[in-house]
Structures are given as C-alpha cells and as structure tokens.
C-alpha cells in the first residue's frame, strides 16, 4: 500500500503523519504537494492538520481550491481511503466529501490537551482494529473544532453509523452530539479533529492512535 500525505502551505502535521506511517508502521509513504494534480499510483490519501493558507477566510476554505483537490475528490469517489485530521477534516467538509461544518470552539479559545474518546464505529478502513465502545485518549489542538450540522443531518449521521469517534468524559469544543470524527456514507472517508498521529509511541504519552494507521495498512493487505 502506497500512501500520499498532502502538503498545503501552512500544513504543520504532515511530518507527524509521515513519521507515524513510515517510521512507526514501516509503510510506503510520500509527500505530495498541493500543486500536483493527480494521485496516480497511490492507495490511500492523508490530509494533515495545520493552518492551510493561514486559515484565511475560514479554515480549509482556500485549500479546497488547491490543484490537488479535484484528484482527492475523484480518489474518494472511487472508494479509496481518504483521511483528514484537524485542518484535514475541515478541508474535507469544505469540499463536500464529508457533511456538516467545523466552527469556532464554544469557548472562543484554542484548546490543546488530551481528551477521552469513545470508538463508535469499527466498520471503516481506519478503525477495524479497535473495539466498538472502547475508550481511547488522543490529543487535540484547535480553535475551530466544534462540529455543526442541522437536526436532520445529525439524525442521518447517527442512523447511518457515520459517527466514528465521540468525545467521552468532556466535550472540549461544543461539537453537537459530542462528535469528534465522522465518515461519509460509503465509509471510505474519515475526518476527525483529534490527532492520532501524535499518539503512536509511548514516548509521546500513549499509543491509542496507532491502530488508526495499522487498521488502514491491514485493509491494504486484505485488498492487495
């Protein structure tokens, strides 16, 4: 399995993703510039956290127009795995690959800490090695991570099992239904505000995020 980590101007978690996949998981990973216009030869795509284009206008609002994004959209529509963390999640909502939106935290402050999550859905390429209902701890670091959707969409997400991760002990940003991560209807696109790539070694505090990437690599072995 060959994995692309997209690098936008202002990305700052691209290296974290690369290290989690390449150094810790021994995966075949390449950085791909936002200036490129194809993803030929790749089997999965990662959109990193950070502040793409300085978060001007709105988080992810300018990144959605990057030359690489039509290829990401086509990649996802072909059923291939696409993952976005933090700013990557915001970009995925901006381009319409994931429903809803991310707005400013209710506290109006940047929040940086480790939070407890509940795993709600293990039937995705990114969560198959977790157990449904399992509690895990992952870091967050964002100012605009409050998930919003209207009542009809929220009901649809819950009914379809599209909520993958939910804030457990506390809701750090005001996300509706305590939502921390969701998939599209097909289940091949996952966006989440927490950073699993920052929790892949005990040196970093815990390894609770490691199975996001190992699940993906196992998926690649099965389909490969």
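Cβ atoms here come from the backbone N, Cα and C positions, even for glycine.
What Swiss-Prot says about this protein:
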DOMAIN    2-224  domain 'Glutamine amidotransferase type-1'
ACT_SITE  86  active site, nucleophile
ACT_SITE  195  active site
ACT_SITE  197  active site
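In three-state terms derived from DSSP, residue 197 (active site) belongs to a helical segment. Secondary structure at the residue listed as 'active site, nucleophile', as computed by DSSP, is coil.
Within 10 Å of the C-beta of residue 195 (active site) there are 23 other C-beta atoms, taking all protein chains into account.
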